[in-house]
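Trainee: Once you've had a glance at the structure underneath, I'll fire off some questions.
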Amino acid sequence: MADLDSPQKLSGVPRPPDGVGGGSCSEISTELIRSLTDLQELEAVYERLCGEEKVVERELDALLEQQNTIESKMVTLHRMGPNLQLIEGDAKQLAGMITFTCNLAENVSSKVRQLDLAKNRLYQAIQRADDILDLKFCMDGVQTALRNEDYEQAAAHIHRYLCLDKSVIELSRQGKEGSMIDANLKLLQEAEQRLKAIVTEKFAVATKEGDLPQVERFFKIFPLLGLHEEGLSKFSEYLCKQVASKAEENLLLVLGTDMSDRRAAVIFADTLTLLFEGIARIVETHQPIVETYYGPGRLYTLIKYLQVECDRQVEKVVDKFIKQRDYRQQFRHVQSNLMRNSTSEKIEPRELDPILTEVTLMNARSELYLRFLRKRISSDFEVGDSMASEEVKQEHQKCLDKLLNNCLLSCTMQELIGLYITMEEYFMRETVNKAVALDTYEKGQLTSSMVDDVFYIVKKCIGRALSSSSIDCLCAMINLATTELESDFRDVLCHKLRMGFPATTLQDIQRGVTSAVSIMHSSLQQGKFDTKGIESTDEAKLSFLVTLNNVEVCSENISTLKKTLESDCTKLFSQGIGGEQAQAKFDSCLSDLAAVSGKFRDLLQEGLTELNSTAIKPQVQPWINTFLSVSHNIEEEEFSDYEANDPWVQQFILNLEQQMAEFKAGLSPVIYDSLTSLMTSLVAVELEKVVLKSTFNRLGGLQFDKELRSLIAYLTTVTTWTIRDKFARLSQMATILNLERVTEILDYWGANSGPLTWRLTPAEVRQVLALRIDFRSEDIKRLRL
């Protein structure tokens, strides 16, 4: 029996999905139907055919539904027919025109190419003819100019000949007139050699006679003959002789200068200045000539030759300076003195002062001169390198750096500055030590003399290094000054503070009549009253206070010095001195200097803490302890009496005022304010201790609140620091002691506290509540805090 489920056996193709027609033919062939004999198979085929019929009917219905749309589109297409025929005709006509234009353009462009080729050949022919004529003209012109000794004109003809295209001349030699051209070339070459010899000879004569107009005349001819390097070399040689002659003349004047002369102390710096100004004047005068006749980029060559001569003359001047000023011997002497345990006789710092000033002036003049050269050469290179590659520009920059950084002038100045730094260190250290040793105090002044003297010396040394225009030198001196202030000078002040603020006999007298009588009785037994001890103690107290002022002024002076250096060096960097690396080095040195200011502030704080501990605390504690002797378990009558005759706080305020008056007169406002802040902190801490040892009733708590308010009001007037924060705990204790009943604390605690931040812990609150004798301990314990 046939397999009806197999499409291959029924039709040989897969069955399509429902709704998709298979065309006008059934998938089941007639032969298949005829071959079927089984009823079930026939019924299956019948059902299949019925299904296909339904699909075909649906497709026909769908097509019939589209009939109107299709017919309307067909009508539209019929209407478009004539237009499409017109478009077809226009397109064919346009294609014909494009083809014609293309052919025409091709013909025209080929003719243009032919014309362009002919034009180029014509130009070449004209150029060749012009070159031949130029060659003849140059030959005739150079002969005439040489006969008339018109060397400029002769050089112009030779220059024109040298600029001719050699390939064109070579082609001309191969033509019919080759022999004539060869003859002309030979004559021109002979004239060229002859003119070179004449110009060289005439230039030598002019330089020998010192005839500057003639020297410049023939100097301008060299580049026309292609002798750029030779011209610059010979002209530089002439200029170097002028520089050497003037420098030797100036050096002779130096050696003959009387030491009483106004400029005798800086005569060598003046000599270098004259040398540098002379070379700068030469560069300014002849730069236009070099740029005009030799072209941009050639000034470097001229300056390179001049710098060699400058180095020779600088070496002579510096040698004379070292010898006459005994510079190296002074350095060795200083070096020996700087060594620890040195037994050699110390050199007087004043002897070094003029030498150090002259060295920095010499270096400053050198730096200014080198900056001038760098600026001139750089601007000349920029013009010449406008179209050059980056590699060429970098190579020129390397040449410039090498010339200025490695010249003998730079090396010599670096050596002098190296010795200068050591000598300046010695000058600063010895002068600072002398200022400390000669320290004096004038009555009415807050500081002693050494602070102003020391910072005058430090500023002078750093300022002198700054005047050298060398960032390395300046940074070295800032570092040395930082070390001197941080170590040596700070140690002096630290030692004075560590001696402490003495507890004097007069203080003992103030503490009570009993101790005063005892001291006087002891003194009378010895037959005298020891006023010297009192005087020396007063001096020690004054010394301590003055030292505190000195420390504070030192910190401020260092900060001011840092700001001044920042301002001054901004000007230096804006002038092109140094670079990013130098700027970073300078900033690092200033950071170290600023750190020293912080160390002086730390030392000041240590001194204030010492003063507070030794001079204020021993006095304040007994005054506060008298609070315990005043009862705060009082009745209405006592409360009223306390209001009329205050038992404690007014006397305490008076004692504080009297004690702090001594310090107010002897300390700067800033230090006094800081000391007052420490004193208020001490009062707050000590008063809290005695309050916790006292007992109160309701009126006693109210009395304590009044006393505390009076104390806070007074302390607020004597300092700019915040007082209320320091007395916050005491104020909260006063609030607690003022409560009418224990549970009233809950109105101020927790969620009910509002903006109030409690400084007391729950345990401390209970402790303060327990100070009220009228509060039961059971009620306090029951509180939930």
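Cβ coordinates are placed from backbone N, Cα and C, and glycine is handled just like the others.
The following feature annotations were taken from Swiss-Prot:
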{"type": "MOD_RES", "residues": "Ala2", "note": "N-acetylalanine"}
{"type": "MOD_RES", "residues": "Ser6", "note": "phosphoserine"}
{"type": "REGION", "residues": "1-25", "note": "region 'Disordered'"}
{"type": "REGION", "residues": "2-84", "note": "region 'Interaction with SCFD1'"}
{"type": "REGION", "residues": "85-153", "note": "region 'Interaction with STX5'"}
{"type": "REGION", "residues": "618-740", "note": "region 'D domain'"}
{"type": "REGION", "residues": "741-785", "note": "region 'E domain'"}
Trainee: Per DSSP, what is the helix/strand/coil residue tally across the region 'D domain' (618-740)?
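Mentor: Its residues divide into 93 helix, 2 strand, 28 coil.
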Trainee: Mean pLDDT over the region 'Interaction with SCFD1' (2-84): what is the value?
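Mentor: For the region 'Interaction with SCFD1' (2-84), the model's average pLDDT rounds to 72.
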Trainee: Could you give me three numbers for the region 'E domain' (741-785), the DSSP helix, strand and coil residue counts?
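Mentor: So the counts come to 24 helix, 1 strand, 20 coil.
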